[in-house]
Amino acid sequence: MHDDIDAEFEDLTSAPELSPAIAAGEREDETTLRPRNLTEFVGQGRVREQLELVLQAATHRGAPPDHVLLSGPPGLGKTSLAMIIATELGRSLRITSGPALERAGDLAAMLSNLVEGDVLFIDEIHRMARPAEEMLYLAMEDFRVDVVVGKGPGATSIPLEIAPFTLVGATTRSGALTGPLRDRFGFTAHMEFYEPADLEQILRRSSSILGVDLHPDGAAEIAGRSRGTPRIANRLLRRVRDYADVRADGAVTRDIARAALEIYDVDALGLDRLDRAVLTALVRSFGGGPVGVATLAVAVGEEAATVEEVCEPYLVRAGMLARTPRGRVATAAAWSHLGLTPPPEVAGASAPTLFDE
Ligand SMILES: Nc1ncnc2c1ncn2[C@@H]1O[C@H](COP(=O)(O)OP(=O)(O)OP(=O)(O)O)[C@@H](O)[C@H]1O
Ligand SMILES: [Mg+2]
């Protein structure tokens, strides 16, 4: 249904097992494993409670709820939540994406087809073209668009009423959203990385759907290596299941999970080969930094964007790497993780100022 939406993330990384982006051939599994309603949606307690209130109040009033913006890294459940919003409201969901709305006309066509109360989901909304975005302002506020017909002095603008709807926007980069667009959302849900306990619960649910014999210690082991991301947790579960089926009796225990994930180069903290290469370069070649991200990327033979968008968010979150005004710095934890002794100035230093995005 939303093939075109996820497709553009596919090539983002060279580290497929731990990429938060959806992988080719994974879509069917994601559909099977997607939580169907708010009760099945694990974790994100704060977001869930806020959203529940927004939805219940709207149902109570018999009016479509305010527009909702879902913001957070890939694989944390934005698309799932958008679908859940429509389900909980008992409304139909129309799906499109920012890159698909190249011309204002594309959006006008989408909007004019809406039925009252519909939920319109725009994924990667920060990538919408400017004219479409400006059209969306008016649609969100007044449920009206002005369609411009013709070009030059002869152009006329035809006002078009549209049915009251709820817009759900999703973005992995809320900072890239323009102010006017951001301001028109009544509610913004900030999705956070998941706690290990939540990931274990997600893994239990997935294993019962997939028919995997997942032991509690196996679930804990996989959760700990999943980078706080349900999509990665589900993917690692499938890889471990393969191993358990082929090399053992199918039961996923801690030892089986460890052995399987070793084969896939996923270490105890969920770091993969590229993450470790970045940390190793930072520590060994640049004495722990500070060094610019472009230089670091060259050192590991990767695109700067991959290092910045795929490796760094998790390395920062895991407390291994700090982004400082002068460049990237390895923390004492990074040295220790690589089995090295941090130099005294790193070991003794208080954590450098982190600033994300
Ligand atoms: N809270 C959750 N509970 C259970 N499963 C979840 C949850 N969040 C995500 N998942 C699982 O992770 C998968 C990926 O989630 P989803 O596609 O909603 O992420 P996303 O934030 O839209 O990612 P992207 O930014 O790449 O579009 C889902 O198919 C689902 O199986
Ligand atoms: Mg999505």
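Heads up, the Cβ atoms here are built off N, Cα and C, so glycines get one too.
In TrEMBL, annotation is done automatically, which means it is predicted and not curated.
In TrEMBL this protein carries:
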{"type": "COMPBIAS", "residues": "1-11", "note": "compositional bias 'Acidic residues'"}
{"type": "REGION", "residues": "1-30", "note": "region 'Disordered'"}
{"type": "BINDING", "residues": "Leu33, Arg34, Gly75, Lys78, Thr79, Ser80, Glu141, Asp142, Phe143, Arg184, Tyr194, Arg231", "note": "ATP binding site"}
{"type": "DOMAIN", "residues": "64-195", "note": "domain 'AAA+ ATPase'"}
{"type": "BINDING", "residues": "Thr79", "note": "Mg(2+) binding site"}
{"type": "REGION", "residues": "195-265", "note": "region 'Small ATPAse domain (RuvB-S)'"}
{"type": "REGION", "residues": "268-357", "note": "region 'Head domain (RuvB-H)'"}
{"type": "BINDING", "residues": "Arg323, Arg328", "note": "DNA binding site"}
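Overlay of TrEMBL annotations on the structure.
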| residue | record | Cβ neighbours (10 Å) |
| --- | --- | --- |
| Leu33 | ATP binding site | 20 |
| Gly75 | ATP binding site | 27 |
| Thr79 | ATP binding site | 22 |
| Glu141 | ATP binding site | 10 |
| Phe143 | ATP binding site | 17 |
| Tyr194 | ATP binding site | 25 |
| Arg323 | DNA binding site | 21 |
| Arg328 | DNA binding site | 25 |
Looking only at the region 'Small ATPAse domain (RuvB-S)' (195-265), report the model's average pLDDT.
94
Where the C-beta lies under 6 angstroms from ligand 1, the matching binding-site residues among Glu141, Phe143, Tyr194, Arg323, Arg328:
none
Checking proximity to ligand 2 here: which binding-site residues out of Gly75, Glu141, Tyr194, Arg323, Arg328 have their Cβ closer than 6 Å to it?
none
Using Arg323 (DNA binding site) as the reference point, find which of the binding-site residues Leu33, Thr79, Glu141 has the shortest Cα-to-Cα distance to it.
Thr79
If H, G and I count as helix, E and B as strand, and all else as coil, what does DSSP give for Tyr194 (ATP binding site)?
coil
Among Leu33, Arg34, Gly75, Lys78, Thr79, Ser80, Glu141, Asp142, Phe143, Arg184, Tyr194, Arg231, recorded ATP binders, what is the largest CA to CA distance in Å?
37
According to DSSP, does Glu141 (ATP binding site) fall in a helix, a strand, or coil?
helix
Pull the DSSP breakdown for the region 'Head domain (RuvB-H)' (268-357) and write it out as helix, strand, coil residue counts.
46 helix, 9 strand, 35 coil
